[in-house]
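This report concerns only the one structure given below.
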Amino acid sequence: MSGLSNKRAAGDGGSGPPEKKLNREEKTTTTLIEPIRLGGISSTEEMDSKVLQFKNKKLAERLEQRQACEDELRERIEKLEKRQATDDATLLIVNRYWAQLDETVEALLQCYENQRELSSSGTEVPGCQEGLTRDVIPRTDPGTSDLREPLPMQFRAPLSEPALAFVVALGASSCEEVELQLQGRMEFSKAAVSRVVEASDRLQRQVEELCQRVYSRGDSEAPGEVARARTRELGRENRRLQDLATQLQEKHHRISLEYSELQDKVTSTETKVLEMETTVEDLQWDIEKLRKREQKLNKHLAEALEQLNSGYYVSGSSTGFQGGQITLSMQKFEMLNAELEENQELANSRMAELEKLQAELQGAVRTNERLKVALRSLPEEVVRETGEYRMLQAQFSLLYNESLQVKTQLDEARGLLLASKNSHLRHIEHMESDELGLQKKLRTEVIQLEDTLAQVRKEYEMLRIEFEQNLAANEQAGPINREMRHLISSLQNHNHQLKGDAQRYKRKLREVQAEIGKLRAQASGSSHCGPNLSHPDDSGLNALAPGKEDSGPGPGGTPDSKKELALVAGATSVASSVKKEELVSSEDDAQALAPGTQGLPSRGREPEARPKRELREREGPSLGPPPAASTLSRADREKAKAEEARRKESELLKGLRAELKKAQESQKEMKLLLDMYKSAPKEQRDKVQLMAAERKAKAEVDELRSRIRDLEERDRRESKKIADEDALRRIRQAEEQIEHLQRKLGATKQEEEALLSEMDVTGQAFEDMQEQNGRLLQQLREKDDANFKLMSERIKANQIHKLLREEKDELGEQVLGLKSQVDAQLLTVQKLEEKERALQGSLGGVEKELTLRSQALELNKRKAVEAAQLAEDLKVQLEHVQTRLREIQPCLAESRAAREKESFNLKRAQEDISRLRRKLEKQRKVEVYADADEILQEEIKEYKARLTCPCCNTRKKDAVLTKCFHVFCFECVRGRYEARQRKCPKCNAAFGAHDFHRVYIS
């Protein structure tokens, strides 16, 4: 990284100004390196320190020189950038104005050609020609125009002498200054301008022909000689003015060229002044250099004098050697004096050159200031006295007067138009006010009818909403009713099946009873037990059939009777359970809104009926065939039991039917409550759900209690009947189940207590809900009353609507009458519109006249604008020529500067030649002395030592490092470069591949 940084530093440091490098290369052949006197040195360290001090001085001088060169180069770069920016801006402006010039010249020529065509085709309509010229002129593109090709000479009309002179002046002024890339454009511009001049000359000739026709016509007619003389005078004056205008244009062109030349001279003098300033700075720098050199020489001279006076007489022992040294010191002293005189002469000559340049600079500055003052203080009287200014002033006054007349006519026409419009608008406003009054009446009546209609619609909407609510309630109750009907139909079908089974079992029972009677008869004959069985009761047997089947003594009849009894008991139990399930389902539907006490009886009865059924089922199979001795007593008991069971079943059916009726009534009430609770808030619904859950929990608790009782009774019975291991195992299981159920009972009791506490709260809430239901029922009654009132009001509204329809029909008839009046007024309006059209036609004529006059005004304005554009175009041409001259001036200044530089270098070379001649003469004088050969030999050795490479001390110096300008042999430099030791052996300055070159010393 250090090597790279050294390379960059060396590269930056070596970039000096090219001019200085050239001067340095020129002077290397002539300048002599002065020896440096280090004085008395006692050691190598002291010598190194003195050498380093001298090197530091030299480096400081080089740094100052480099900074000065950098400042000069920066100033020069800034000047060049400013000049380039100004040149670009002027080029852009010239290009833009040149394009505008081409477009305007093409438009002028096209306009003139169109006027010529119109005048040649229709000379009998001169009044319309001016109006048409404005519409016929097309906008042509300068790049695609046919004007790029100039007309041939045979089709051009002959020009007058002033016009020819003007065209020739234009051609002579532009052809010499045009470059190759702009020749086509310049040719087009010259051709266009020449054609414009031709057109103006042709117009002048047409005017002269018209004047001659007028004169000839006037010669045939006697009266009007004064007018003819006046026209002749005017024609002569017009011709004279046209000649004067062309002459003035030529003069303006010539003056503009002279002005541009003067301006170019001013710019050239300014550049000269700048160059002189730079040369003065260079000369001052040379003077400073010479002064420094003079000071050095003075120091050397003083040292030589001191050595001459003191040191050389004491330095040696032999007189010959001392004498030789004295002669050498005297010779050096004379040489130094001669050099001092030469330098003084050179300084005097340079001073004379500087004074001369200073005088030239002051003269150029004075002329520049004088020209600037003259340019700034251009008087206005000169501008006002020009013919163009006076002509434009006269045209402006004429156009201004015409515009004032046109404005007055336009104001009069606008006043008439406004008066007619105001009268028409007043009539229309009167009719509109009448129409608005009638419309307001109609609107008020229609608004009243709409209000009544809106009231009727509101009543209708309220009735419709109530109907939809009732319909929705019926739709909600419909699915429940359908489910109940479906359940009832399924239960009826089941009852029919059970009835069929009962009939079949009765038939089988009769057959069994007949067999039993036969068996009894056989048994009475065999065992003499006739009195006990001689009084059978058919009704009793029919009623006590299940009991008999259970306690029948016959071995063959017992299984059938047991099966029939089990089926009958199952049928009755199924019927009762189905009815109970029907009641439970009906109560569950209404349970969400009904109080908790209504659903408990059916669930309470169900656990009461279940243990009886289970006991019957257990007792049925558990009763085995009794012994033959106790058959009659058991038969009586079974009959009594069967009668009691049938009586209980009939009572149970009656109770279930009554409960079914009550449940249906409660279901209807619950439907109403359900509709009411659907509109209740969510909190009350949650309370009702809690109450329903509480009822279910209570029912489960009761059911569990009944099951526990049944299980306890079953355990007692089984403990009496069964004493084997199976019974004990069942008892243990039952006890475990009892413990589990007791634990569950304790939990349910706790839940029951919590639910009871909640029931108190929910009961209070239920009472509040009942009060709210009462209020809602009251509101429903009030709504019904309001609905009845609305119905009555609706009837009244229908009657009012009929009356309003009749009034509307009457109003429609009135509207028809008003429409007829409006039609009549429309007829009058049409007549007024016809009058307005007639007025508008007259107004259109006035406007046409106004447009014609405005077109004439615009034509005059266009002529004025064209004249102004022509002046601007001429100015642009002038600026273009000036820019061309400005472009040429830097080239001239550069060539002049190059010549001056060459002359300056020539002078310097002559001075160097004279100095070398004087040195040669001095050397020739030195050869006269006796020991000159020895001196020359020593000098030759010294020079050879200087010419040998200090690195290898064998080869000659033939390569120079451009970074520090130390000289070595090419092989050493290349070897160090290839070995990547890219630093100078003397000053340790880094160098690159392009920083060492061969040197040929001759």
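Cβ coordinates come from backbone N, Cα and C, glycine included.
Remember, predicted model here, so these are calculated numbers, not experimental data.
Here Swiss-Prot flags 55-91 (among others) as coiled coil.
The coiled coil annotation in Swiss-Prot covers 190-378 (among others).
Feature annotation from Swiss-Prot assigns coiled coil to 438-526 (among others).
The coiled coil annotation in Swiss-Prot covers 628-947 (among others).
Here Swiss-Prot flags 18-28 (among others) as compositional bias 'Basic and acidic residues'.
Taken from Swiss-Prot, the feature compositional bias 'Basic and acidic residues' applies to 603-620 (among others).
Per Swiss-Prot, the feature compositional bias 'Basic and acidic residues' maps to 634-652 (among others).
Marked as SUMO2 cross-link by Swiss-Prot: LYS579 (among others).
Marked as SUMO2 cross-link by Swiss-Prot: LYS580 (among others).
Residues or ranges marked as phosphoserine in Swiss-Prot: SER42 (among others). Neighbour count (other Cβ atoms within 10 Å of the Cβ, all protein chains): 7 for SER42 (phosphoserine). Mapped onto three states, the DSSP output places SER42 (phosphoserine) in coil.
Positions annotated as phosphoserine by Swiss-Prot, on the basis of a large-scale study or a structure entry: SER585 (among others).
Positions annotated as phosphoserine by Swiss-Prot, on the basis of a large-scale study or a structure entry: SER586 (among others).
In terms of DSSP secondary structure, the zinc finger (949-988) contains 9 helix, 7 strand, 24 coil. Residues or ranges marked as zinc finger by Swiss-Prot: 949-988.
Residue counts of the compositional bias 'Basic and acidic residues' (634-652) by helix, strand and coil are 19 helix, 0 strand, 0 coil (DSSP-based).
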